[in-house]
Amino acid sequence: MGGCCSCLKESQDDATVLPIAENEREAVTSLLGYLEDKDNYDFYSGGPLKALTTLVYSDNLNLQRSAALAFAEITEKYVRPVDREVLEPILILLQSHDPQIQIAACAALGNLAVNNENKILIVEMGGLEPLIEQMKSNNVEVQCNAVGCITNLATQDDNKAKIAHSGALVPLTKLAKSKNIRVQRNATGALLNMTHSGENRKELVDAGAVPVLVSLLSSSDADVQYYCTTALSNIAVDESNRRKLSQTEPRLVSKLVVLTDSPSARVKCQATLALRNLASDTGYQLEIVRAGGLSHLVKLIQCNSMPLVLASVACIRNISIHPLNEGLIVDAGFLKPLVKLLDYNDNEEIQCHAVSTLRNLAASSEKNRQEFFESGAVEKCKQLALVSPISVQSEISACFAILALADNSKLELLDANILEALIPMTFSTNQEVAGNAAAALANLCSRINNYEKIIESWTEPSKGVCGFLIRFLQSEYPTFEHIALWTILQLLESHNETMLGLIKSNKEIVKSIKRLSDINYENAQKASSLHSRLQQVNGGSVASGSEQYEHASLELYNITQQIMQFLN
């Protein structure tokens, strides 16, 4: 506290020498005593606070400086919730035109703003307005401390909207371009703190922050790069912002791709997350590939950092959605690394993104499908199908359903004993998993020239294909009933005598088909009658709901009739 004590001594500067009132002399004497033994005093109440407040309200500039410096040192060492009586004199000092006082007062307020309760109270007491004024100062130290305080205040959710609407964003954006690295770090950190809600992100974009953030991606300072990449990643969450970015920031993607190779792990991760968010849009999905992003991402999904692996596999998952990217991703060598990611049993998010990407790639060309099988993806997915979390099972079942659509994949899947996984998956309590698995099973029963694997699995595992059909026929869920009926029709249309015999001889299957035939005939009749009445009442216009219900019932009824022709 040497600086503070020296300021409490008499100054020889004529401009600051004013008569000192008796109460001020007493305050100086008391304060010196308190500071000598400061660990034993509470400076936020009683005598110490009274002495400081007396100096704050003095007309003597030296005494005001002493108070400001004392507050700066005390608040740096002792941070806790304080009341209005403590903040009020600091806010008074903040309005001073003296740079020394401004620097110390901003520092004191910034120190106290580490505490959440203080953050709220500072803003409630009008602390933003003088801080904004100090940000406009020509003094770099004043700028740095004022922005640092705003940065701390902006970490409190209750304050963010108030800061966004206070007029602080424009000067913050201006200071982000400062040549002083400390000011720049504080300003970009404050801008980052303002990107955690959609409304605040809009205010930030409107304040012109985006071009500044993009330009600073090329900064040589890792902290500034991190703040800017993270802020842009958050801004890119919003579709409207992504549209603006695509129209105004042509170099954004190439800069982010470069940063995915940054020596700083956190910059690398945030750049990848920013690309992932941008890749929610089809235009960016193509642009990232054109900018050379694949060669970086294929390395990242094989690195040892779980956050980086997660960010990169989420990014490639979004990129793989675009059909034009599928072949390029396969050619870039992603298949085997993606299959290896399925071993992340302690991170279902990584597994989900990996399977989802594999599903997108498997659905493309014959060449990609062949490489998919050769990569070991089917076997690995089969191993995980019954033991992974529901979210992963959902992706795996969807992947199987897509693969089973291709005629030239069906026998390969059956030879891989895929039914060992698919049939038990139809038992899942999760409708999406059960439905996807059933759809895959139905597709595998359609248009194949060898039904040996289907026949072998008629009763096993888990009561086999037969058990699946009975459960779905009796599910009273139209989608599942439709899948079961369509599967039976495909099996019958194969004209395989063994298959026909297995279905005809199963009384429960035949009984369930007849029941669905009767129910859907009756439902179609009722829907048709309602349809006619509604036409009469409404003068020809009909509610679409009754019409759709009639069509659905008719479709199920028609399938049952086609099946009955085979059975009779």
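Note that Cβ sites are derived from N, Cα and C of the backbone, with glycine treated the same way.
Residues or ranges marked as N-myristoyl glycine in Swiss-Prot (evidence: similarity to another entry): G2.
What Swiss-Prot lists as S-palmitoyl cysteine is C4 (among others), and the listing cites sequence analysis.
Residues or ranges marked as S-palmitoyl cysteine in Swiss-Prot (evidence: sequence analysis): C5 (among others).
The S-palmitoyl cysteine annotation in Swiss-Prot covers C7 (among others).
Among the features that Swiss-Prot reports, repeat 'ARM 1' is placed at 37-74.
Residues annotated as repeat 'ARM 2' in Swiss-Prot: 75-114. Counting residues of the repeat 'ARM 2' (75-114) by DSSP class, helix then strand then coil, yields 28 helix, 0 strand, 12 coil.
For 116-155, the entry in Swiss-Prot reads repeat 'ARM 3'. Within the chain, the repeat 'ARM 3' (116-155) has long-range Cβ neighbours (under 8 A, six or more residues past its boundaries) at 81-84, 87-88, 91, 94-95, 99, 102-103, 106-107, 109-110, 162-163, 166-168, 171-172, 175, 178, 180, 182-183, 186-187, 189-190, 193-194.
Here Swiss-Prot flags 157-196 as repeat 'ARM 4'. Sequence-distant contacts of the repeat 'ARM 4' (157-196) (same chain, six or more residues past either end, CB-CB distance under 8 Å): 119-120, 123, 128-129, 131-132, 135-136, 140, 143-144, 147-148, 150-151, 203-204, 207-209, 212-213, 215-216, 219, 221, 223-224, 227-228, 230-231, 234-235.
Predicted-model confidence for the repeat 'ARM 5' (198-237) is 96, expressed as mean pLDDT. If you look up Swiss-Prot, you'll see 198-237 marked as repeat 'ARM 5'.
For 241-280, the entry in Swiss-Prot reads repeat 'ARM 6'. Within the repeat 'ARM 6' (241-280), the DSSP-based counts of helix, strand and coil residues read 30 helix, 0 strand, 10 coil.
Annotated repeat 'ARM 7' per Swiss-Prot: 282-321, in sequence order. Listed as Cβ neighbours of the repeat 'ARM 7' (282-321) (distance under 8 Å, sequence separation of 6 or more from its ends, same chain) are residues 242, 246, 253-254, 257, 260-261, 265, 268-269, 272-273, 275-276, 328-329, 332-334, 337-338, 340-341, 344, 347, 349-350, 353-354, 356-357, 360-361.
Marked as repeat 'ARM 8' by Swiss-Prot: 323-363.
According to Swiss-Prot, the repeat 'ARM 9' annotation covers 407-446.
Look at the repeat 'ARM 4' (157-196): DSSP puts its residues at 28 helix, 0 strand, 12 coil.
Counting residues 6+ beyond its ends, the repeat 'ARM 9' (407-446) has Cβ neighbours under 8 Å at 366, 369, 373, 378-379, 381-382, 385-386, 390, 393-394, 397-398, 400-401, 453-454, 457, 461-465, 467-468, 471-472, 477, 479-480, 483-484, 486-487, 490-491, 494 in the same chain. Residues 285-286, 289, 294-295, 297-298, 301-302, 306, 309-310, 313-314, 316-317, 369, 371-372, 375-377, 380-381, 384, 388-389, 391-392, 395-396, 398-399, 402-403, 405 of the same chain, all 6+ positions outside the repeat 'ARM 8' (323-363), place their C-beta atoms under 8 angstroms from a C-beta of that stretch.
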